[in-house]
Structure formats: C-alpha cells, structure tokens
Amino acid sequence: MNREEVQLLGFEIVAFAGDARSKFLEALTAAQAGDFAKADALIEEGNNCIAEAHRAQTSLLAKEAQGDDIAYSVTMMHGQDHLMTTILLKDLMKHLLEFYKRG
C-alpha cells in the first residue's frame with residue numbers, strides 16, 4: 001500500500017471519528033436537556049460513524065496481515081488517535097447518560 005492510499009484511509013478515519021465525536025457531544029447536550037430519545041438517536045448515528053471508521057482501519061490491518069508493505073503516514077496516526085479518543089468518549093457517554101437519567 002503506497003503512502004497516498006494510507007493517507008486516504010487516515011483521512012477517512014479522521015472524518016468518521018470526528019463525525020462520531022460530534023454526534024456523541026450533541027447527544028450529551030440533548031441528555032442534559034432531558035431529551036433522551038434524541039440523545040439515543042444521536043448515539044446511534046455516532047455508532048454508525050465509528051463502524052465506518054473501523055471499516056477503514058480494518059482494511060488497512062487486513063492488508064498488513066496479508067504481507068503488504070504499509071507506508072508510514074502521520075495522517076493515519078492522527079486518524080488512529082481520533083478514533084481512540086472517540087471510542088473513549090463513547091464509553092464515557094454510557095455512564096454520563098445514566099447520571100442524567102437518574103436526575
């Protein structure tokens with residue numbers, strides 16, 4: 001896989017992880033306002049974005065596992081960082097929503 005291909009996957013991961021992060025933060029705002037149906041819908045949208053980011057990540061991992069030489073890319077590293085922090089936010093959202101639901 002050449003550098004450009006790896007960078008494109010990195011940009012995909014950044015974009016999807018960024019969209020997921022935005023959805024999760026919107027969900028938190030909705031929960032703060034007591035609109036849990038909206039929060040749940042936004043979390044589902046965020047989860048779909050995470051799934052797309054994972055799809056891009058998995059395609060890269062599969063190519064490496066098949067023996068392809070993967071070019072180093074700061075863009076890909078940046079994408080991985082975005083994905084990791086967004087997944088952490090997703091995990092924390094579960095606990096935060098419980099606090100808001102309890103009142």
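Glycine is no exception: its Cβ is also placed from the backbone N, Cα and C atoms.
Around the Cβ of His78 (active site, tele-phosphohistidine intermediate), a 10 Å sphere holds 16 further Cβ atoms from the protein chains shown. Annotation comment: Swiss-Prot describes His78 as active site, tele-phosphohistidine intermediate, evidence class experimental evidence.
According to Swiss-Prot, the Mg(2+) binding site annotation covers Asp81, on the basis of similarity to another entry. Asp81 (Mg(2+) binding site) falls within a helix when secondary structure is assigned with DSSP.
Mapped onto DSSP classes, the domain 'PTS EIIA type-3' (4-102) shows 88 helix, 0 strand, 11 coil. Summarising the annotation, Swiss-Prot assigns domain 'PTS EIIA type-3' to 4-102 and lists sequence analysis as the type of evidence.
Here Swiss-Prot flags His78 as phosphohistidine.
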## Note on the structure
Cβ density check for Asp81 (Mg(2+) binding site), other Cβ within 10 Å (all protein chains) comes to 13
